[in-house]
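Below: one structure, written as structure tokens.
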């Protein structure tokens, strides 16, 4: 373990592909621009240039693989790399929050994994973490073992040196039915369709438009039924592709509790593993999108303080991608014992409804006026439709807005397009604000906002137009010095 | 009812805001002047000139006179043992609480205008948010910075 080691040679190939991917669009632009005016660069020069660049990339990949070594020494992970300037990065084990493993398609045949070292959100420093792009599985397991051992040592300093058995319990495993629901209700379809469109427009010049349009004319005249059928089949196809893609991405979704960490694994072709130390969880969010809500399903997201500027995704981790809402409590409570998943919310007062309604209308006013001006009567009809949709949406927002306090927990519920319920502990809330406009003040209403840490930035919840008295109650609950009974203050001095 | 935070910011803040408002008005003047020039040159209808002048006057009135006064009247802060409380806003009043235990660091900063008037802005950062108390007397800002940084550390050791 102590002698410097290289990564698996496949790293060179991986970094070559990665750079190729980054160069794809500039490359395309270059080629299209080159071919546009014939007197410019000849295609021969183009081909030479392209091969030259590819070759350079390949050499660069190989060299940087050759220069990259890692070793474990003195309870530190020591990485040395750099093409021209040698860089050394030593990461002490006690600063490491977690080791995340993932396997890409190229990793699988060689029994390799990618190891990502997560450090405690080192503020703002760019790529302040280590990535071992491809190492042998046994090797990764050995590193994990050493890391876990040193972590245990830190913990029982002073205590007996007894080997503590690390519990490893499976908490949740996605069933095929849940996977199907997840895939069929996710927004992936839109992504596929827009990707196809974008791809088509990339080759705009190659498409013989005249011929296509002539064909299109014949096509349209062949009957409305046929056209809509083709469109329908097209959408169905896109939907199926999105379905399969999502199912592959989330296949074998498993949540385990290993010691004090939550370990999430998922994926069929590319296997990924996330580790979230439970004590770094800042808030829990339950999101119900518009398709899932009616069938009683929701997504549970964990806001974690981990993650660095490079790795945004480790701050918002999907804990349960799709789950029957009624099951959430029973599933999560055993291991996130601090959180109470109530559904008993105090709602906004009735006098706020008119404000919710008007706020919605403000956005649709241009959409209402323009059709009337242009299309007259038909425009009026579409305007009424817009107004109706906006009103229904506003009503939902009004109905969903709410708050609740249970001992040291603040729960906020609000709707954007998706209905969010955020559960926050008092000692994890970084700051709390309420605000009131002139009109709100007249109606004795106010808006509240609580912020928690998420990755490098903040997130949280905002509920509009709550009863002013309720708002002041939350304010007093959050304040250490403005509250009536000072006895509780001892409970919440714990920091994150 | 929760009472307002105790302290106001420096009265010289008003002067500073009025000066920076005047500088912003200069840009508006440029725009209005341009509009009027174009109208005269291309013989556009005369009402454009009047609107441009009216806009300029309204803008100057708001940004040099009204907004700074309202803003100053509303701005209040209080730094206590366990938390910082802020109140601000012109039309929408915002009240914020930042517990001392959550404070990660505190800065004071001065632009050229603030420096001329011996003022400084105090910035308090938590892990998720950044809060600003603008235009405090220099000594006061310094004092607050030391006070907060000391308390923030004490709170941390307490855990």
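Just so you know, glycine gets a Cβ as well, placed from its N, Cα and C.
Going by TrEMBL, these are the annotated features:
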type: DOMAIN; residues: A:65-145; note: domain 'YdbS-like PH'
type: DOMAIN; residues: A:250-331; note: domain 'YdbS-like PH'
type: DOMAIN; residues: A:398-478; note: domain 'YdbS-like PH'
type: TRANSMEM; residues: A:12-35; note: transmembrane segment
type: TRANSMEM; residues: A:41-63; note: transmembrane segment
type: TRANSMEM; residues: A:179-203; note: transmembrane segment
type: TRANSMEM; residues: A:223-248; note: transmembrane segment
type: TRANSMEM; residues: A:356-374; note: transmembrane segment
type: TRANSMEM; residues: A:380-396; note: transmembrane segment
DSSP-assigned states of the domain 'YdbS-like PH' (A:398-478) in counts, ordered helix, strand, coil: 22 helix, 48 strand, 11 coil
DSSP-assigned states of the domain 'YdbS-like PH' (A:65-145) in counts, ordered helix, strand, coil: 18 helix, 40 strand, 23 coil
DSSP residue counts for the domain 'YdbS-like PH' (A:250-331), split into helix, strand and coil: 14 helix, 43 strand, 25 coil
